[in-house]
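S.K.: One structure is given below, represented as structure tokens, and several questions about it will come after.
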Amino acid sequence: MDKVLELNEYVLMAALIFTVIALICNIVVITGRSSTVTSASKAKRAPVSASANVAGGDSALAASGARPDGSAEAKRKTPRKRGTRPQGLGLYGTWFTIVATVLVLIYLGIRVYLTGYGPFANQHEFAVSFVFGILLCYLVAEYAYGIRALSLIVLPIAAVLTVYAMAQDTSVKPLIPALQNNLLLTLHVGFAIIAYGAACVSCAAAVIYLAYPHIKIKKLPAREVFDDLGYKAATVTFPMLTIMIALGSVWANVAWGRYWDWDPKETAALVTWLIYAGYLHARVTRGWQGKRSAWLLLLGFAAVLFAYFGNHFFGGLHSYA
């Protein structure tokens, strides 16, 4: 088994390489370096009259990348329709991200098969699971909105977290008694990685929203799209966090005889839940949008990171992980 586990580490390394390559492809596409010549040739082949531009001719806008008023906001391209495949180098960026996601899933699957329990025994396993959640949620967001710019935030986080996971102890050790409820813990971790992955996507959308006036890239969609995407991702994060905490409480009662102990990690998870609950409440009932809601999303993801890494500094019942 040790030999297979050692070889399995190369799968994770390959996932890291594909993540970095996907990021490079997306950087080239987003900055427009790969499409300058193509766009110019398309513009020459498909000239459009001013009246067609006023009428909103999509083909003309796609070819020229500008609108009649010439403003910076007008030159921003709207996201592609749901399900429309990216073209050129962008297609490679998407496929490299998919390959990286599949490799991470394969890595986790092999490890679960060999160990006989879910990816929850140590920091290494949950870090890799966190990476999977981030990549999966990013791919869903890219498919739904066609916003490749999110990768400039999401993929570096996934890459750094992968490096962190590889630096942790990867050895397999017997489970401590508290971790021997396989089903509950697998579900608990499963909901956690989706919650954390969606939180990462909402954070990326918030970062781009706040930095939008200073970004010189013309291929970005309207600023409000990032505000909407951050909100939609948060509507995934909150219920996943709710189920995660509920399952964790049931597991805690089984393992330690109490549902809640104000352990540092439990408290951090509760604070994270309260932040996203406050965000959704302010958004729905108070109409909070724009900068205020974006800052709340950044605070929420900061709380996610604290909940994940905090046990390194404060110990507690979760210090094994």
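Even glycines carry a Cβ here, placed using N, Cα and C.
Since we're looking at a predicted model, the values are computed, not measured.
What TrEMBL records for this protein is below:
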- 132-318: domain 'Cytochrome c assembly protein' (DOMAIN)
- 59-85: region 'Disordered' (REGION)
- 12-32: transmembrane segment (TRANSMEM)
- 89-114: transmembrane segment (TRANSMEM)
- 126-145: transmembrane segment (TRANSMEM)
- 150-167: transmembrane segment (TRANSMEM)
- 187-212: transmembrane segment (TRANSMEM)
- 233-254: transmembrane segment (TRANSMEM)
- 266-282: transmembrane segment (TRANSMEM)
- 294-314: transmembrane segment (TRANSMEM)
S.K.: Are there residues at least six beyond either end of the transmembrane segment (12-32) with Cβ under 8 Å to its Cβ atoms? List them, or say none.
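M.R.: That would be 39, 86, 88-90, 92-94, 96-97, 99-101, 103-104, 107, 128, 131, 135, 148-149, 151-152, 155-156, 158-159, 162-163, 165-166, 217-219.
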S.K.: By Cβ distance under 8 Å, which residues at least 6 away from the ends of the transmembrane segment (187-212) in the same chain are close to it?
M.R.: 118-120, 126, 129-130, 132-138, 141, 149-150, 152-154, 157, 220, 223, 226-227, 229-231, 233-234, 236-237, 240-241, 243-244, 247-248, 251, 276, 290-291, 293-295, 297-298, 300-301, 304, 308
S.K.: In the predicted model, what is the mean pLDDT computed over the domain 'Cytochrome c assembly protein' (132-318)?
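M.R.: The predicted confidence over the domain 'Cytochrome c assembly protein' (132-318), as a mean pLDDT, is 89.
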